[in-house]
Amino acid sequence: MTETASRRTLHITTWGCQMNVYDSGRMADVLRPLGYRQVATQDADMVILNTCHIRERASEKLFSELGRLRALKESRGGAMMIAVAGCVAQAEGAEILARAPHVDLVVGSQAYHRLPELIAEIEAKRRAVIDTDFPAAQKFDLLPEDQASQGPIAFLAIQEGCDKFCTFCVVPYTRGAEASRPAAAILAEARRLVAGGAREIALLGQNVNAWHGEAPDGATWNLARLLAELADIDGLARLRYTTSHPRDMDAALIAAHRDNPKLMPFLHLPVQSGSDAILARMNRRHGADLFRRIAGELRAARPDIALSSDFIVGFPGETDADFAATMRLVRETGFALAYSFKYSRRPGTPAADAADQIDEAVKDARLQELQAVLRDQQHAFNRAQVGRSFEVLFTGPGRHPGQSAGRSPYLQPVVVDNADIPPGTLRTVKIVQSNPNSLMASLTQEQIAA
């Protein structure tokens with residue numbers, strides 16, 4: 001390990017959800033006052049691997065990368081600090097050091113605000129350190145106010161943890177119980193993000209629509225009220241929130257999609273299965289008809305809203321009839337975008353010990369069938385945008401010279417040829433071509449905002 005004074009370069013590798021991306025940015029913010037600047041892995045004196053534990057091969061991916069970093073560290077005579085952060089760190093703790101003794105630090109998802117102290121402890125004691133505690137004080141309260149600009153589209157964590165305990169999911173064990181940040185702290189961070197150039201803010205949480213935070217006057221706000229307060233921030237043009245649970249989609253939040261003009265007409269609402277029997281075994285505590293009702297109420301409140309979702313196929317005990325129910329829900333609902341996965345066992349979760357695991361070949365066939373329908377729906381949704389005009393938030397140059405790229409209200413990448421549009425600009429465009437994963441557009445004369 002090198003001395004603190006000489007270790008001032010940093011690389012953070014991030015796997016997993018948008019919350020992990022947010023956490024990685026905040027880790028960089030925590031370390032910036034110590035003089036750390038971000039560089040490529042091969043040039044870094046400290047490497048942080050911010051891990052995800054959702055998929056089956058998460059640990060294998062981690063230890064493969066740790067093997068590569070071990071060789072790099074040894075080539076420098078040990079002059080590199082290696083840290084494992086995030087959900088695998090939280091779940092496996094000391095096991096990481098047992099399998100990879102060249103790791104210097106294992107820091108859980110609730111402790112990264114303590115990075116300066118942990119680094120100092122490593123330097124003082126000349127040994128590896130583990131911190132996977134769930135402290136009573138929320139980490140958000142202890143993070144520095146100064147943070148790097150995220151650009152025109154920014155993410156803001158307002159809630160963390162999960163109390164739902166779905167039988168397939170590790171999040172309650174790696175992120176802890178549901179905790180909501182106070183509204184005042186969220187509003188203050190949002191204003192800082194806007195001052196730093198953000199035009200769109202996406203609110204983050206494992207169950208973001210479960211947020212019920214303390215208001216400035218000591219009362220409790222729900223997410224709909226928070227969105228209304230955020231909409232009053234000058235310079236903020238767009239709002240989103242993710243990820244939601246159907247059980248927490250209340251009437252006030254559905255009404256917000258009708259009443260809040262800054263709330264974008266796109267919602268990610270995971271359902272996982274269309275079978276009531278499988279939803280019960282997943283401990284989702286809702287049925288497929290609740291999801292159908294919510295989708296209908298959202299579309300009644302905001303006719304132009306588009307939905308995305310998550311699906312798991314091959315969950316233990318899933319029959320052909322159960323899978324057919326999922327396919328029926330998909331066809332009836334229609335999704336602009338969806339993420340689908342084969343069920344994978346997560347150690348320590350109830351479903352991992354179920355006796356009626358599904359054969360991998362059956363999982364593969366079901367996933368292929370589901371993804372074909374979801375892909376067709378996404379392509380159809382994109383094709384339906386051709387000829388429409390709407391605002392695009394431009395974020396920077398496109399992949400080819402002379403292009404400008406941005407995001408539609410539905411999160412689709414939109415590209416305009418022969419345009420040099422500054423990042424952060426909202427312009428009305430007309431969609432002229434659809435691709436499977438993006439849209440091509442031409443500019444109209446009206447500029448919505450600059």
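A Cβ is built for glycine as well, from the same backbone N, Cα and C atoms used for every other residue.
Record features (Swiss-Prot):
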| type | residues | note |
| --- | --- | --- |
| DOMAIN | 8-124 | domain 'MTTase N-terminal' |
| BINDING | CYS17, CYS52, CYS87 | [4Fe-4S] cluster 1 binding site |
| DOMAIN | 148-380 | domain 'Radical SAM core' |
| BINDING | CYS162, CYS166, CYS169 | [4Fe-4S] cluster 2 binding site |
| DOMAIN | 383-445 | domain 'TRAM' |
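Positions of Swiss-Prot features highlighted on the structure.
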residue	record	Cβ within 10 Å
CYS17	[4Fe-4S] cluster 1 binding site	18
CYS52	[4Fe-4S] cluster 1 binding site	19
CYS87	[4Fe-4S] cluster 1 binding site	26
CYS162	[4Fe-4S] cluster 2 binding site	22
CYS166	[4Fe-4S] cluster 2 binding site	22
CYS169	[4Fe-4S] cluster 2 binding site	22
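The closest partner of CYS52 ([4Fe-4S] cluster 1 binding site) among the binding-site residues, by CA position, is CYS169; the full candidate set was CYS162, CYS166, CYS169. Averaged over the domain 'MTTase N-terminal' (8-124), the predicted model reaches a pLDDT of 91.
Here the C-alpha separation of CYS17 ([4Fe-4S] cluster 1 binding site) and CYS169 ([4Fe-4S] cluster 2 binding site) works out to 14 Å.
Across the domain 'MTTase N-terminal' (8-124), the DSSP tally of helix, strand and coil residues reads 64 helix, 22 strand, 31 coil.
The domain 'TRAM' (383-445): residue composition by secondary structure is 2 helix, 31 strand, 30 coil, according to DSSP. Neighbouring residues of the recorded [4Fe-4S] cluster 2 site, listed in sequence order and excluding CYS162, CYS166, CYS169, comprise LYS164, PHE165, PHE168, VAL170, VAL171, PRO172, GLN206 (Cβ within 8 Å of the Cβ centroid). Put simply, CYS87 ([4Fe-4S] cluster 1 binding site) is 12 Å from CYS169 ([4Fe-4S] cluster 2 binding site) when counted between their Cα atoms. Rounded to a whole value, the Cα-Cα separation of CYS87 ([4Fe-4S] cluster 1 binding site) and CYS162 ([4Fe-4S] cluster 2 binding site) is 13 Å. The [4Fe-4S] cluster 1 site, placed at the center of the C-beta atoms of CYS17, CYS52, CYS87, has further neighbours from the same chain whose C-beta lies within 8 angstroms: TRP15, GLY16, MET19, ASN20, THR51, HIS53, ILE54, ALA58, GLY86, THR174.
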